[in-house]
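Novice: After the structure tokens below, expect a handful of questions from me.
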Amino acid sequence: MFAADQTIAKFDPELAAAIAAECQRQEDHIELIASENYTSPAVMEAQGSQLTNKYAEGYPGKRFYGGCEHVDVVEQLAIDRVKQLFGAEYANVQPHSGSQANQAVYFSILKPGDTVMGMNLGHGGHLTHGSPANLSGKMFNIVAYGLNDKEEIDYDDMERVAMETKPKLIIGGASAYALRFDFERMGQIAKKVGAYFMVDMAHYAGLVAAGLYPNPVPHADFVTSTTHKTLRGPRGGIILAKAEFEKSINSNVFPTLQGGPLEHVIAAKAVAFKEALQPAFKEYQQQVLKNAAIMAKTLAERGLRIVSGRTESHVFLVDLRAKGLTGKQADALLGRAHITVNKNAIPNDPETPFVTSGIRIGSPAITTRGFKEAEAIEVANMVADVLDNPNDDALIARIAEKATALCHRFPVYAK
């Protein structure tokens, strides 16, 4: 029997101290990493529930274990809600991550050596879309599409390359592209060359759910996503597809790639999907766009080049070369100022991926805190002040105090 008062603090104070320190960091630091966000207490309550105790291999109504009648309800709620959210015919909510969701699609329709077209990683693509370092790049023949001289996706060149190479699959989506994808055009290109079309909307899913970014579901055979980032749920993945692919996707998630689903995480996904169906979620996403746009504008006014010249989403890249800084240096400097970003390659970056010439900035987390345009401008000016004065330790310390004071005005979790 477990005692009700057997807390982490009592049983494992060393671990409890590390958790408490991270909670304090999240409250005290301005979070600008585009892929990070804060989940609601309800999402965390579901993820920390006794559902973690239950094995449930299989799918609702078709399990390999007994005692699944209640987790069947949980998983079906998640399925029904995410289908409603994105207008999908079919959904699988079991993938443990976005990467595993992508792998399940690949295994459903591809054979080793098949040709796959994805966005160039150096132009903003994602590792799982064909990077040589990833399983996708090791198993398949990868051809890339990228950006033109205006740092916008070149759809005409994409079509030309697709006609020449005849890929079996074309992938839309990115991890560091600020503009909108033309999913309709990409779907047309895929049909023209006889390819499947998959969209990884991990970064944009919350905006899509709110109707503020193009919905790929009507145009794609498969749509994958994470459930955190802009969607503001737990860390995990989903797959949406046309109904004809249900059997193939289900069998490739389980048993090909995974065993038992994480029903406590699926419950947390169900909560997040319900949150995303509320009117307040659209208001939140509208503010995400406003905050990203005003930060990009402010940084441009302070002399920093914004890749692609603007943002049409929650994210944008900043080219640091004019400041004589690398992304690695800027990441460290801003961290000292209690502002968290990540170094990121820019198109045709002369630096290595571990150094980079840019940083990636996103607005989802600060918007969850309650920041609006005034605070976003203040944050952008703090960033610019640090980048303008990388050797001024006193200024960086003052900005750290200022950043923490701003955070305390907008706590993530009210006491």
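All residue numbers here begin at 1 and follow the chain in the order shown.
Cβ coordinates are placed from backbone N, Cα and C, and glycine is handled just like the others.
Small disclaimer: the values here were computed from a predicted structure and weren't measured.
Pulled the feature table from Swiss-Prot, pasting it below:
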- L121, G125, H126, L127, T352, P353, F354: (6S)-5,6,7,8-tetrahydrofolate binding site (BINDING)
- H228: site 'Plays an important role in substrate specificity' (SITE)
- K229: N6-(pyridoxal phosphate)lysine (MOD_RES)
Novice: Please report the Cα separation of G125 ((6S)-5,6,7,8-tetrahydrofolate binding site) and K229 (N6-(pyridoxal phosphate)lysine) in Å, rounded to an integer.
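Specialist: Distance between the two Cα atoms comes out at 16 Å.
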Novice: Cα-Cα, whole number of Å: H228 (site 'Plays an important role in substrate specificity') versus H126 ((6S)-5,6,7,8-tetrahydrofolate binding site)?
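Specialist: Rounded to a whole number, the Cα-Cα distance is 16 Å.
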Novice: Would you measure the largest Cα separation among L121, G125, H126, L127, T352, P353, F354 for the (6S)-5,6,7,8-tetrahydrofolate site and round it to whole Å?
Specialist: 16
Novice: At a 10 Å cut-off from the C-beta of L127 ((6S)-5,6,7,8-tetrahydrofolate binding site), count the other C-beta atoms across all protein chains.
Specialist: 16
Novice: Taking the Cβ of P353 ((6S)-5,6,7,8-tetrahydrofolate binding site) as the centre, how many other Cβ atoms fall within a 10 Å radius?
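Specialist: A count of 14.
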Novice: Reduced to three states, what secondary structure does DSSP give L127 ((6S)-5,6,7,8-tetrahydrofolate binding site)?
Specialist: helix
Novice: What is the separation, in Å, between the Cα atoms of K229 (N6-(pyridoxal phosphate)lysine) and L121 ((6S)-5,6,7,8-tetrahydrofolate binding site)?
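Specialist: K229 (N6-(pyridoxal phosphate)lysine) and L121 ((6S)-5,6,7,8-tetrahydrofolate binding site) have their Cα atoms 19 Å apart.
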Novice: Hey, of the recorded positions listed (G125, H228), which one tops the CB count within 10 A?
Specialist: H228
Novice: Using the structure shown, find which entry in H126, K229 (the recorded positions) has the sparsest Cβ neighbourhood within 10 Å.
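Specialist: Per-residue Cβ counts within 10 Å for the recorded positions H126, K229 bottom out at H126.
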Novice: Other than its own, how many Cβ atoms are within 10 Å of the Cβ belonging to F354 ((6S)-5,6,7,8-tetrahydrofolate binding site)?
Specialist: 10
Novice: In the three-state scheme derived from DSSP, which category covers H228 (site 'Plays an important role in substrate specificity')?
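Specialist: For H228 (site 'Plays an important role in substrate specificity') - judged by DSSP and reduced to three states - the answer is coil.
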